[in-house]
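Q: My questions will all concern the structure given below.
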Amino acid sequence: MQRRIMGIETEFGVTCTFHGHRRLSPDEVARYLFRRVVSWGRSSNVFLRNGARLYLDVGSHPEYATAECDSLIQLVTHDRAGERVLEDLLIDAEQRLADEGIGGDIYLFKNNTDSAGNSYGCHENYLIVRAGEFSRISDVLLPFLVTRQLICGAGKVLQTPKAATFCLSQRAEHIWEGVSSATTRSRPIINTRDEPHADAEKYRRLHVIVGDSNMSESTTMLKVGSASLVLEMIEAGVAFRDFSLDNPIRAIREVSHDLTGRRPVRLAGGRQASALDIQREYYARAVEYLQSREPNTQIEQVVDLWGRQLDAVESQDFAKVDTEIDWVIKRKLFQRYQDRYNMELSDPKISQLDLAYHDIKRGRGVFDLLQRKGLAARITTDEEIEAAVNTPPQTTRAKLRGEFISAAQEAGRDFTVDWVHLKLNDQAQRTVLCKDPFRSVDERVKRLIASM
């Protein structure tokens, strides 16, 4: 499948610092955040004009699920648009607090762990064909996902009883199973719950929940692009070396703690391989595969960055990727800070900086400041991101959903939508079922809109 439907779901961490004596719980802060949403959507679970879903998830975490995208840059742009949507809610909620005499600054973090050790996720969705064995896909994909922190981890300072240590991944310490149908209780690497949001006879949705939330656009593109390409190669019958892991959960933690990528992890049958060995195999197959694949500039950019990052890990010289890979950008920032102020990695100010890197408020968040200074690469523009806040992807089913929502809101009509249904809540209860996520034009939807 060379054209694939993809999406990213991001849960955001919430906290608030108060200026006066009045305090609010995280639940109350989250309700302030969503008050504007509830006022027009009559719910804290809504679909937006850009085709995305916005809702309040378990544990007071706002969650933004991008609309269906069919290109990498489109997906990165819509992922960033989610940050802008949440930032707008943040600014509105702070104003509401001020109007009610509760002075406070609300912080939304696009990260995966809080100070209490709780974890929240960034889930990737990939449409795959129903034909073929799902177990083959998961068997080949699992070693790739366990070791890809080397190329797309967000980085984290982990405080241990002995000392502070810099890790590749925020999420690695919180994953407890390889493949499972649960998402919250056991936190697997691949979630097998079969909800395709499409024609179930043709498709299923691969739900990857092991990834870190990335601030860097190029890291997001590498994370999603490399996984999509590995899936495409599996579907095309490309043969990979068998890197079945003896214990994926132990391996994911070991990989996260080794910035050199050279520490051996145990494979099934007593063999060993390093994260670098495993990633090199997938990368080498990708380079070969591209030679016969239909040209695609975005995929070629992904494979180029993938190779440069593996070279950087191998040589431990990160100069050629230090504006493109989250954990590398973050580690360089910490090292400069430590050198300038003569402090240890365990210093609370470093942990504060770690958190501030993920603050989505422009002008305050550290990543935003790095980006403005040219210390973090761009692959999209502010104008494209702003457009994606209100405009759905024009090449997928999201266009139909977005146009229906816009028309219904402008006509003052009551409606219900989900990923596959568009429904007018009138006497006739007219509903259109959109089972093909690749389809952006549908006469039935046009007629439904025209009838408003």
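The backbone N, Cα and C atoms fix where each Cβ goes, and this holds for glycine too.
Worth saying up front: this structure is predicted, and the values here are computed from it rather than measured.
Sharing the record's features from Swiss-Prot:
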ACT_SITE  Asp57  active site, proton acceptor
BINDING   Glu9, Tyr55, Glu63  Mg(2+) binding site
BINDING   Arg53, Thr66, Trp419  ATP binding site
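Could you place the listed features in the three-dimensional structure?
A: Cβ-based neighbour count (10 Å, all protein chains) for Asp57 (active site, proton acceptor) stands at 18.
Secondary structure from DSSP puts Glu63 (Mg(2+) binding site) in a beta strand.
Secondary structure at Trp419 (ATP binding site), as computed by DSSP, is coil. Contacts of Trp419 (ATP binding site) defined by a Cβ separation under 8 A and a same-chain sequence distance of 6+ are given as Arg53, His197, in order along the sequence.
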Q: Using C-alpha atoms only, work out the spacing between Asp57 (active site, proton acceptor) and Glu63 (Mg(2+) binding site) and round it to an integer in Å.
A: 6
Q: Roughly how many Å lie between the Cα atoms of Tyr55 (Mg(2+) binding site) and Thr66 (ATP binding site), rounded to a whole value?
A: 12
Q: About how far apart, in whole Å, are the alpha carbons (Cα) of Thr66 (ATP binding site) and Glu9 (Mg(2+) binding site)?
A: 6
Q: Taking the Cβ of Glu63 (Mg(2+) binding site) as the reference point, list residues of the same chain whose Cβ is under 8 angstroms away and which are at least six residues distant in sequence.
A: Glu9, Thr10, Glu11, Phe12, Leu54, Tyr55, Leu56, Asp57
Q: Return one of helix, strand or coil for Tyr55 (Mg(2+) binding site), based on DSSP.
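A: It is in a strand.
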